Amino acid sequence: MQLVVMVAVLALAGAGQGCSFGCHPTNISIQVESCGLTEVIYTTICEGQCYHEDLVYISHYERPEQRICNGDWSYEVKHIKGCPVGVTYPVARNCECTTCNTENTDCGRFPEDIPSCLSF
């Protein structure tokens with residue numbers, strides 16, 4: 001259940017957001033479901049962009065360090081009235097640009113164009 005809620009949080013983080021530079025916590029609302037009941041909860045996620053520079057020459061032996069916006073996460077439980085089963089959801093405690101950790105994050109390259117914040 002935690003994985004499903006985390007995926008929903010991360011998907012909603014990018015939906016309808018404008019450009020944001022720097023890494024910082026932001027408040028969002030998400031829908032959670034338990035016992036067939038749905039309720040909106042408010043949580044905090046990490047959002048923003050971290051500086052990264054692609055090298056002209058890409059070596060197969062030494063990859064450039066990729067930094068991502070991440071932080072310390074904890075989990076809280078929400079009980080929906082009339083349902084004995086609680087819903088666990090993530091809450092970001094702080095956010096910073098850190099080295100991508102392949103043990104808990106997909107650090108691969110994004111295969112498509114990344115939209116720019118610049119308007120020409």
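Placed from the backbone N, Cα and C atoms, the Cβ positions cover glycine too.
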* Asked: Do you know which of Cys95, Cys97, Cys100, Cys107 Swiss-Prot records in a disulfide with Cys46?
  -> Cys95
* Have a look at Swiss-Prot and say which candidate in Cys83, Cys97, Cys100 forms the disulphide with Cys35. => Cys83
* Asked: Disulfide partner of Cys69 per Swiss-Prot: which of Cys23, Cys100, Cys107?
  -> Cys23
* Asked: Should any of the recorded positions Cys23, Asn27, Cys35, Cys46, Cys69, Cys83 have a Cα within 10 Å of the Cα of Cys100 (disulfide bond), which are they?
  -> Cys69
